């Protein structure tokens, strides 16, 4: 069976196909079949196996030929997108050259996931190293954040022709494309290369599409379709598909028609939700700035306002270029209110940065007296909350020097010890075992051709550590292994982990009980991504039921009330930058969430999973959309809702085939006929325009009914 996605029959054909695949999955789960397909059925979750089969099956055709070139794998964070993509890469590597594009910090994640997958595929084998090396040689890695990404792609495969392209954290690519002011950026060059590539298959992995703006959908689905499926200009996209008055999607039915067949979604199913820990309601701590902090904050706001006024009007008459968000031309010069946002976290009169001195060094040289509630009410509030946590704690800040490093100094002053992996153990075999020995913890690291290194960690000391974008991958891996050790269930080895945006990407953490987000961001998906580092499938399985919860906190700096009311009326800013970012994020989140709901409705598994609002059309074999989006908006919607019902009908045999019919006065010629569709395993109506319709009428009227 070959399905073409621009066809009203595609949704029902896909639903029927996935039902067959699911039955096959259940059979293979219990079988002793040693074929590769059977091994994958036993290694993968059912929702992964559905996509694995649909994408790799040459007869069905997802991501092939007229069925577009790939899929947006929109699976809830922590559900195994990496394992799914590696499964497809292994199965298709004899046809396509797998190229994996991801931030450099995540490359080791793929290697770890590959080893995990190999162990699942070949549980009867004890030594998986040879198979790992054999399969690893087929893959080529490219760093999404590298300055020479284009050169890396050429080195990896010469071009993207004939490649299976896997892009992890794909939302970063989409945002990079629409934030580009020209075609010289890495993201824009990759977009152009993908659009020009021949015989390419694509997997975009993300748990948060449309995180910044619905316009992110444009580069995503243009690349997946291999043509200009959605309008390139921001204004035209918004005119066609966004109702600015209601802050909601416009012409949603027409947009759904264009997207069907390019999305896989998994995340709402009740049986899957049971595998996650419970996320408790967000606690928002509105923390009043100290007088000195608020004074410095107001000075920073004066500078930012002056910069804003100096540049105002420079871009007002410039319409956004193709694939550009409005204002992307000047975004690189914007401060994003960095000064005031950092001061909202920490402000000290003692902090001075000398010439040629790094900010982080200046923070380290500050005396203990600089780290008080007066300099950072936010951090002091956070530390009080952390002391209530019965298990490991994750802290996130976008800011490293005046965010995470300041928190680290506060923790050291409170008696916490910083654990730095490379100072703990020399590099070894990447295998870490932890053993309890009385009141101490012994960490052992086995070198391949050398001695075993051991460090005794006192269980009386509470430790923290940091993962930022500057940390080496081997350090990052070691920290993750220590955190996920069975002996760290309640934070005995690492109680607190501090992460930045780059550092948090791809982390797969267990046992976490609290998440602290030190400052709000206008992109609420960022907060979801941070929480998803510890809210994952199976992450809390080792804990008793009452401990399978995660409490998130968000800290918002508000004005010092006494000083605020002393400012002349009319000169005050009614809301702090923290408050404005939070409110803007909620407003933008409403629109982005509505578009993400559309993606779920267009997902190929939607009807199979029994979700509501799925795109399901009467299978008339008509085109779902016109290639010209403006003309498409003017045409009637060819997708007529599919209604399944039992009806009383008479049987008729004609030319060796069975049909059913009803006498219906409301129909022009007085009859409604039905024929069996083996693809969807149901009877569908024969339209009066079908030549068979007249023949059946004559057959009935001739009195030859069965």
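Positions of Cβ are set from backbone N, Cα and C atoms, glycine also.
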Query raised in the report: What range among 160-163, 164-167, 168-171 does Swiss-Prot describe as motif 'DEAH box'?
Result: 168-171
Report summary line: residue 76 (ATP binding site), DSSP three-state class -> coil
Query - ATP site shell beyond 75, 76, 77, 78, 79, 80, 81, 82, criterion: Cβ within 8 Å of Cβ centroid - result: 207, 266, 536, 537
Query raised in the report: If you skip the near sequence neighbours and keep only those at least six away, which residues in the chain come within under 8 angstroms of residue 81 (ATP binding site), Cβ to Cβ?
Result: 73, 75, 168, 205, 206, 207
Query - Among 77, 79 [binding-site residues], residue with fewest other Cβ within 10 Å - result: 77
Report task. Determine how many residues of the motif 'DEAH box' (168-171) DSSP places in helix, in strand and in coil. Result -> 2 helix, 0 strand, 2 coil
Query - Local confidence of the prediction over the domain 'Helicase C-terminal' (417-599), expressed as mean pLDDT - result: 83
Query raised in the report: Taking the Cβ of residue 76 (ATP binding site) as centre, how many other Cβ atoms lie within 10 Å?
Result: 22
